[in-house]
Amino acid sequence: MGIGDGSSNVNWQSVPKEIRDETTPLLPVKVEEDNEFHEFDGASFSGAVFNLSTTIVGAGIMALPASIKMLGIIPGILMIIIVALLTEASIDMLVRCSHQGKITSYGWLMGEVFGQWGRIALQASVIINNVGVLIVYMIIIGTIKLSILLTCPLLLILLLIFERDVLSGTTSAGVHHCGILEGWFGVHLWNSRPIVLLATAFLVFAPLVSFKRLDSLRYTSALSVALAVVFVVITAGIAIIKLFNGTVAMPKLFPELDGLNSIWNLFTAVPVLVTAYICHYNVHSIDNELEDRTQIKPIVRTSLVLCSSVYIATSFFAYLLFGEGTLDDVLANFDANLGIPFSSVFNDIVRVSYAAHVMLVFPIVFFALRLNLDGLLFPTSRHISRDNKRFAIITVSLLMVIYLAAILIPSIWDAFQFTGATAAVLIGFIFPTMVILRDSYGIATKRDKILAVTMIVLAVVSNAVALYSDAMNIFRRKEVA
């Protein structure tokens, strides 16, 4: 399962018969099991858009309102748009180089351009990024078996039973925000954070991540995006009603700067914005499954427009609704009286719809994590989908690590700042620009190289400042304590 295995057999004009590269984020479009072939005939434009959009829109939507609060509405929205444009540019760099070199995965491309260490660097970055993202998902989303959820909508209510932030509650800025179970039954051991997360891991994630093909979840991507839109529509509706009633304060348009420290703090929003757009590890897999591979660029563009619209609407209306009380995890804001009729009902609908959305995103990100970890640990072994023992051990081990980390990490803001300032910026900006600057395939233009250098400088400077600011804030909190 080496980085170049099977490359000579790839039919570039059609869907590849088999992708053997261990760094391919998702499973092959054609695999052999028990001497039988199961072939996928090719994804449609709309299906690819939903799959990529589902990869993008995850837990980042919950942390973006806090970024808007920090940056102000105008700079915040501009940053969302700028990061989207830079993401499109970086993906375009990867796609053009891959098509020119007839390469079918991000890891394979890094290995071809930079050798074995390039591949390993990419794999390690995907592992760090996806572990961080899945920890956030574990914190946020609820539990219910997907097949039951899709066949019996009434059981969606059961999603509330095991959801950590929704039911066991969350703590932000020293204030505990009660979950629904705590509100209904009081604080008990059975609805504590560790027990709720343990139930989440074994009752929902274990069944979902047991699928060996992404195609098994092909119908959930559209539902996932729709649920994110439901969250946006309800939040926007409540904010508009309160705006007409005159019960919301005027949000700040620009950040309030009262010293050097406040300027440094602005940079902590950058990693959150970067993480919100990281989807590069799935682009090649989606590209490989297309009936017409020339569609990948409009697919990327359409997905980014869709996701940016969702991000801007969510950030704006959530900040308008909660103002300076917007928490790092805005989901925690939906546990109080919203000042409208049926407030508690809307609170529950918002949290359930978003929790269900992220639940459907989890297995897609997990597939990429599992395959990259397997490729890093067992680069010469056969594909993990054909080794049930290795598949089970890696799957269970990853779930255990994510579960333990989700208990220990206090805030999704902390997780996003760490992964966004390290692995996410490498995957999304540093590695693609390094590939285009190396120009192994002779396709880089002068504009490409200028843009690549600019992206590297912006990424390194902004994230270095963000890490410095995060470290200083940690030291200050310890001094106060």
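Every residue number used here counts from 1 along the chain in the order it is shown.
Yeah, the Cβs are placed from backbone N, Cα and C, and that goes for glycine too.
What TrEMBL lists as transmembrane segment is 43-64 (among others). Counting only same-chain residues 6+ beyond the ends of the transmembrane segment (43-64), those with a CB under 8 A from a CB of the stretch are 80, 133, 136-137, 140, 214, 218, 220-222, 224-225, 228, 231, 272-273, 275-279, 282-283, 286, 289-291, 295-296, 298-300, 302-304, 306-307, 310-311, 314-315, 328-331, 354, 357-358, 360-361, 364-365, 412-413, 416.
Feature annotation from TrEMBL assigns domain 'Amino acid transporter transmembrane' to 43-463.
The transmembrane segment annotation in TrEMBL covers 71-91 (among others). Counting only same-chain residues 6+ beyond the ends of the transmembrane segment (71-91), those with a CB under 8 A from a CB of the stretch are 64, 251-255, 266, 269-270, 273-274, 276-277, 279-280, 283, 300-301, 304-305, 307-308, 311-312, 315-316, 319, 428-429, 432-433, 451, 455.
The transmembrane segment annotation in TrEMBL covers 134-162 (among others).
Per TrEMBL, the feature transmembrane segment maps to 194-211 (among others).
The transmembrane segment annotation in TrEMBL covers 223-243 (among others). Here the transmembrane segment (223-243) has Cβ contacts under 8 Å with residues 50, 53-54, 57, 61, 150, 306, 310, 313-314, 317-318, 320-321, 338-340, 346, 349-350, 353-354, 356-357, 360-361 of the same chain, all six or more residues outside its ends.
Annotated transmembrane segment per TrEMBL: 263-283 (among others), in sequence order.
For the transmembrane segment (304-322), same-chain residues at least 6 beyond its ends with a Cβ under 8 Å from one of its own Cβ atoms are 49, 53, 56-57, 60-61, 64-65, 67-69, 73, 76-77, 80-81, 84, 87-88, 225, 228-229, 231-232, 235-236, 238-240, 242-243, 248, 251, 276-277, 330, 333, 338. According to TrEMBL, the transmembrane segment annotation covers 304-322 (among others).
Annotated transmembrane segment per TrEMBL: 352-371 (among others), in sequence order.
Within the chain carrying the transmembrane segment (391-409), a Cβ under 8 angstroms from the stretch's Cβ atoms is held by residues 131, 134-135, 138-139, 164, 193-194, 197-198, 201, 205-206, 209-210, 212, 366, 369-370, 373-374, 377, 384-385, 415, all 6 or more beyond its ends. According to TrEMBL, the transmembrane segment annotation covers 391-409 (among others).
Annotated transmembrane segment per TrEMBL: 415-437 (among others), in sequence order.
Annotation comment: TrEMBL describes 449-468 (among others) as transmembrane segment.
Residues 86, 89-90, 93, 264, 267-268, 270-271, 274, 417, 420-422, 425, 429-430, 432-434, 436-437, 439 of the same chain sit 6 or more residues outside the transmembrane segment (449-468) yet have a Cβ under 8 Å from a Cβ within it.
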